[in-house]
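Engineer: According to TrEMBL, the protein carries these features:
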- 6-29: transmembrane segment (TRANSMEM)
- 41-63: transmembrane segment (TRANSMEM)
- 65-181: domain 'VTT' (DOMAIN)
- 69-101: transmembrane segment (TRANSMEM)
- 147-167: transmembrane segment (TRANSMEM)
- 187-208: transmembrane segment (TRANSMEM)
Amino acid sequence: MKKNTIKSLIIISLVILFIYIAISYYEVLQEHVSIEKIQELVGTLGMLGGLAYIIIASIRPFIFIPSPFFFVMGGILFGVIKGSIYNIIGLLIGASLCYLLSNRFKNAVVSITGDRYLKKLKQVKEEDAIKTLFSMRVTPGFPFDPVSYAAGIAGISYKNFIAGSFLGSTPKIFLYTLLGDGVDDFLSIQTILVFLILIALACVPVIIKKKHSTCA
């Protein structure tokens, strides 16, 4: 079995496992957690709550909180629209910090993060940078922060980096935020549809790579 096929199966298996765990604990969460009360509490903070969330989201890469968890929390706390906006702003600020840090201290950062994604991005021409980053950002299988660090070390222009990150991350952020907003109705058609789309997105790079290999 090819390496890419195994990787795809692992990603899909992890997503299915997450769905199973979430469904298993759905009734327990519903009994002890009131999403409405949490949203009401955050709502009383007004813009201050949103600002605090954006600040925490901006430093998220340095406190080692997975980005999908934060996206879902944005939906739980603020709903789809505000949650998506706050998530996008916080994510792009955090990604910019990672990019600028790695661009300034290349050797130190690569010794910590490794060069797994660096090798790929170093081979990318500047005119293809947005397209490449888009495909890496839109796919759930690619970790967000290591790609940000690699882009800074590889010397991809900040303009292309932020454009590719914004375009690729926005659909995924919206889906995860939608997932968080619907956590109180976890077995709804909307939630199941979001999971199916995320699974499909996880498979896209493998399908594209396989197609290119066939054409070659």
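Counting starts with 1 at the first residue shown.
Note: Cβ is positioned from N, Cα and C throughout, glycine not excepted.
Remember, TrEMBL labels are computer predictions, not curated facts.
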Engineer: By a Cβ-Cβ criterion of under 8 Å, what residues six or more beyond either terminus of the transmembrane segment (69-101) are in contact with it?
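Structural biologist: Beyond its ends, the transmembrane segment (69-101) has Cβ neighbours at 35, 38-39, 42, 49-50, 53-62, 109, 144-145, 148-149, 151-152, 158, 161-162, 165-166, 169-170, 172-174, 176-183.
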Engineer: Run through the domain 'VTT' (65-181) and tell me, per DSSP, how many residues are helix, strand and coil.
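Structural biologist: Summed over the domain 'VTT' (65-181), the classes give 99 helix, 0 strand, 18 coil.
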